[in-house]
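Now, the feature entries from Swiss-Prot:
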- 77-90, 284-296: NAD(+) binding site (BINDING)
- ARG98, ARG108, ARG137, ASP226: substrate binding site (BINDING)
- TYR144: site 'Important for catalysis' (SITE)
- LYS194: site 'Important for catalysis' (SITE)
- ASP226, ASP250, ASP254: Mg(2+) binding site (BINDING)
Amino acid sequence: MSTYNVAVLPGDGIGPEVMAEAIKVLDKVQAKFGFKLNFTQYLVGGAAIDAKGEPLPAETLQGCDNADAILFGSVGGPKWTHLPPDQQPERGALLPLRKHFKLFCNLRPATLYKGLEKFCPLRADIAAKGFDMVVVRELTGGIYFGQPKGRDGEGSDTRAFDTEVYYKYEIERIARAAFDAAMKRRKQVTSVDKANVLQSSILWRETVAEIAKEYPEVQVENMYIDNATMQLIKAPESFDVLLCSNIFGDIISDEAAMITGSMGMLPSASLNEEGFGLYEPAGGSAPDIAGKGIANPIAQILSAAMMLRYSFNLNEAATAIENAVQKVLADGHRTGDLADNSTPVSTAEMGTLIANAI
């Protein structure tokens with residue numbers, strides 16, 4: 001029997017509540033599909049600041065080092081905003097984890113589920129077609145990290161500058177990640193760039209074309225970022241995998257998230273070259289609803305499914321979770337964020353419904 005060690009970092013706000021439901025669902029699939037998950041919980045974020053005085057204690061990092069994957073909840077809240085920025089939960093925990101594990105690839109699925117069309121802000125005829133896409137975003141290069149970066153001059157001559165830099169090897173590895181994702185899906189990649197203006201995008205487009213030759217089954221399309229943001233609104237059903245640089249992926253993934261209608265539905269994964277990953281909901285810690293039992297656990301549950309698929313290659317078990325989520329939603333069960341006129345189910349009830357549907 002295959003055994004995997006999972007570092008569980010529930011974090012702050014609704015993190016512990018939704019994490020409990022993800023573990024409940026994982027317990028069900030490991031029993032059904034015959035593999036073993038060993039869960040070890042660690043403090044992170046504000047919870048770690050309160051208990052240990054720092055957002056990412058040494059024992060948490062050590063535990064993550066010893067694990068095969070990290071299942072992450074959410075961090076942050078108004079309680080810790082008075083701290084210096086680099087000591088706050090988000091910057092003091094997530095960014096160091098990404099750096100330590102060299103997590104260069106961010107996967108953000110965006111799916112409009114049947115029965116949830118009314119929550120989609122797009123026109124009804126567009127929403128009726130549904131959509132199921134994943135944004136593959138490069139996380140460690142580009143304008144956020146490129147040098148030189150800074151300010152000089154004074155008065156009206158004050159100047160600020162950032163540099164968009166990409167090495168070919170950075171583009172090669174993120175392109176392969178996107179094509180690998182496409183092979184597990186509908187075999188379409190849309191590479192997003194600005195190759196009519198930017199040198200970095202010209203290299204991006206050239207490199208993606210080279211990598212595409214390794215994946216003859218995958219259909220590739222190049223699209224300028226400005227057009228991509230429009231097509232995402234006009235015809236979201238036409239996208240499968242969107243391959244983006246850091247800044248373009250930052251923008252596109254949030255746009256894709258918004259048109260699903262609920263942040264409580266959106267998982268994400270950040271991976272390194274070895275397939276080690278950190279899996280977390282795309283939404284925040286929502287301290288305003290923490291402890292009330294009304295948070296939507298689906299994003300955390302789907303993040304767990306992504307862990308099974310991308311770090312452990314347990315595709316059948318991952319699909320079973322995703323199908324269970326679809327079935328529960330199709331049966332009309334909703335947490336408060338999605339309840340229309342129906343009586344909403346609690347966080348724990350939603351987790352139990354999904355576990356029972358596997």
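Placement of Cβ uses the backbone N, Cα and C atoms for every residue, glycine included.
With a cut-off of 8 Å between CB atoms and residues at least 6 apart in sequence, the same chain places VAL134, VAL135, ARG137, GLY249, SER253, ALA256, ALA257, LEU266, SER268, ALA282 near ARG108 (substrate binding site), listed in sequence order.
Listed in chain order, the extra residues whose Cβ falls within 8 Å of the Cβ center of the Mg(2+) site residues ASP226, ASP250, ASP254 are ILE225, THR229, ILE247, PHE248, GLY249, ILE251, ILE252, SER253, GLU255. Under the DSSP three-state reduction, LYS194 (site 'Important for catalysis') is assigned to coil, being neither helix nor strand. PRO89 (NAD(+) binding site) falls within a helix when secondary structure is assigned with DSSP. It is 36 Å from the Cα atom of THR81 (NAD(+) binding site) to that of LYS194 (site 'Important for catalysis'). Residue with the densest Cβ environment among the recorded positions ARG98, ARG137, LYS194: ARG137, by other Cβ atoms within 10 Å.
Classification of ARG98 (substrate binding site) by DSSP places it within a helix. When the alpha carbons of PRO89 (NAD(+) binding site) and ASP250 (Mg(2+) binding site) are compared, the span between them is 20 angstrom.
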